[in-house]
Amino acid sequence: GTPQKYDPTFKGPIYDRGCTDIVCCVLLVVAILGYVVVGVVAWTHGDPRKVIYPTDSRGQFCGQQGTPNEPRIPRGAVVGVSPNRAVLVSPRCPRPPQICVSKCPDRYMTYLSAYGNTASLEYYRDFCAPEFKNSRKSPTEVLKDRECPAMLIPSTPLARRCLPAIQAKKGVIMVGNETTYDDGHGRRRNVTELLEGAKKANVVLETRQLAMKIFEDYTVSWYWIIIGLVIAMVASLIFIVLLRFLAGIMVWVMIVMVILVLGYGIFHCYMEYAKLKGEAGSDVSLTDLGFQTDLRVYLHLRQTWLAFLIILCVLELVIVLLLIFLRKRILIAIALIKEASRAVGHVMSALLFPLCTFFLLCLCIAYWASTAVFLSTSNEAVYKVFNESACPFSGQTCKPETFNTSNVTKLCRDAQCLFAFYGGETAYHKYLIVLQFFNVFMFFWLANFVIALGQVTLAGAFASYYWAFKKPDDMPAFPLFSAFGRALRYHTGSLAFGSLVLAIVQVIRVTLEYLDHRLKAAENKFAKFLLSCLKCCFWCLEKFIKFLNRNAYIMIAIYGTNFCTSARNAFFLLMRNIIRVAVLDKVTDFLFFLGKLLIVGSVGILAFFFFTHRIKLVQDTAPPLNYYWVPILTVIVGSYLIAHGFFSVYGMCVDTLFLCFLEDLERNDGSAEKPYFMSQNLRKLLKKTNKGQPDA
């Protein structure tokens, strides 16, 4: 590309600009209107209760008022069962009928044994279909009409379903203290036949128990977690303020502190590893142990602490080597960070702007999630004709309300109209998968647009600082709000263009991940290899587009050009200064990463000592927990997000100043006619001076 030439009229972000990429702006507005229509249609047809509440074989919700499934006994009769009725699943039927019940059965019983016994039949009636009233029917007719299950098995409630209460005593699998059961047809079966079907349910049960324990930990530690996040926010804010006045000292202190924190982590892991030597069970490998819901088990293994030790040692070594080889570039990076600190000091409102971006992103996530749930639950109950003998209507759609009066029952006396699945045959139901895909695509597009709006706003504010020859006198009164107004008024189309390109790549990556998940069981090695290559290529492409978009938005904020022109100019400018880009810009990113690592590490260590009762002053204050890693991980993740929010402002400031700095070197030569706009510190470091001009 051609280097920028001197322009005496150029004084920073251009105010006399026009709208750019209008077609993309119109396309975004149309897409948003379509997205709203999709949401309204989904909310009209969807029913989130289908995700939560079970249904019987007719597709009716259990416990729904005004239906036969409304409880017939006082609610809450069984511990662990919702006030709504649970679903009793008959495990031996090829297509098991689901019946809503008030409580799960607690004994073995068959309909044949209950028939003729008034007390037993009254108990059995609770597990029959609501319309079952004619107890004078023969057992054969009742079972044929599927009004009652053939047998009852002692069950426990799980996720509003009744599943066999399988337990192991001294290595023997039992259900209700029995090893065999009557299948209702006069045959004795072993309870191990129920084991395979209940394995997945046991996994769900363990996961549910884990989730409940985690929830309990949150209920007793939430205020301490909030205190930890507040500490992280205060620490980040203090760090940013200190960078404003002591950038050089703070950077070196940060580097030393990160090395010390990692060093302490290495020491602690080694001490734990050495302490477990010789203890029973500590030498079991992670592969032999497998997945355990109680994660504290892993902390009693030497291999766990050895893995932590190796990871921290590698990280410490990499950081030390980078510091040794980049020590000269770090000085220039520190000067750039000092300049960024001054810019942030003159635009302090920029530190609060990420809250606006965060709020808009939360709106995007909430709308996407709610629309996805309503779309996935907007299917209707589909009823099919089921029968045991030959019938021309078998498998056809039917309506339970009119089925008994239709010709089907006359031609096929054993036919039944039963709930088959949730679906639909309308045009809306046929294109549900397309609407789900559109929902995902719009989420990526809008989320990227919100991020782009934040980036171009910050870039415009910080560019106003750099191109002010007399800082801060030549800066506009409200640089952040001015940049935000320009971005929305003139460049909504350009932001939509850049975010659209990125959204397309991200949707392709999601599709590839979905295909990879579906092909895991396949044995086609070539397909797996090709898919892995595509995933790698599109990951690299996404990173490149993010980098290009970020710099294109800076050019848009300064010059007001369209997206393609801005991207091309930014790319060529960076290519003409590839050495500075590859070293200087990435060194500042590395230093900011160390800053985030320092804040997260410090708060994480404090949380670890607090929640493990190792701080004697507040030993009795820390709450008792099932898993102390739950609040610790929450504090660590939250601290990183908070630190990232503060440092993202600095990161955008550095990138903007760096691009302006490269433009300044090309436009000006330091003479009286073409003075540099860069600060005195940057000029001294680069040995550049304004000839015949006093330093600004």
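Every residue gets a Cβ built from N, Cα and C, even glycine.
Remember, predicted model here, so these are calculated numbers, not experimental data.
Pulled from TrEMBL, these are the features on record:
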- 21-43: transmembrane segment (TRANSMEM)
- 222-242: transmembrane segment (TRANSMEM)
- 249-267: transmembrane segment (TRANSMEM)
- 305-326: transmembrane segment (TRANSMEM)
- 347-369: transmembrane segment (TRANSMEM)
- 442-467: transmembrane segment (TRANSMEM)
- 488-508: transmembrane segment (TRANSMEM)
- 552-575: transmembrane segment (TRANSMEM)
- 587-611: transmembrane segment (TRANSMEM)
- 627-647: transmembrane segment (TRANSMEM)
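For the transmembrane segment (587-611), same-chain residues at least 6 beyond its ends with a Cβ under 8 Å from one of its own Cβ atoms are 221, 224, 228, 231-232, 235-236, 239, 251, 254-255, 257-258, 261-262, 264-265, 319, 322, 326, 329-330, 332-334, 336-337, 618, 622, 625, 628, 631-632, 635-636, 639-640, 643-644, 647, 650-651, 654, 658. Contact counts against the transmembrane segment (222-242), taken as Cβ pairs under 8 Å, peak for 627-647 among the stretches 305-326, 347-369, 488-508, 627-647. Counting same-chain residues at least six beyond the ends of the transmembrane segment (627-647), those with a Cβ under 8 angstroms from any Cβ of the stretch are 213-214, 217-218, 221, 224-225, 228-229, 232-233, 236-237, 239-240, 294-296, 351, 354-355, 358, 592, 595-596, 599-600, 603-604, 607-608, 611-612.
Long-range Cβ contacts of the transmembrane segment (347-369) within its own chain (Cβ-Cβ under 8 Å, at least 6 residues beyond either end) map to 39, 237, 240, 439-440, 442-443, 446-447, 450-451, 453-454, 457-458, 461-462, 465, 479-480, 645-646, 648-649, 653.
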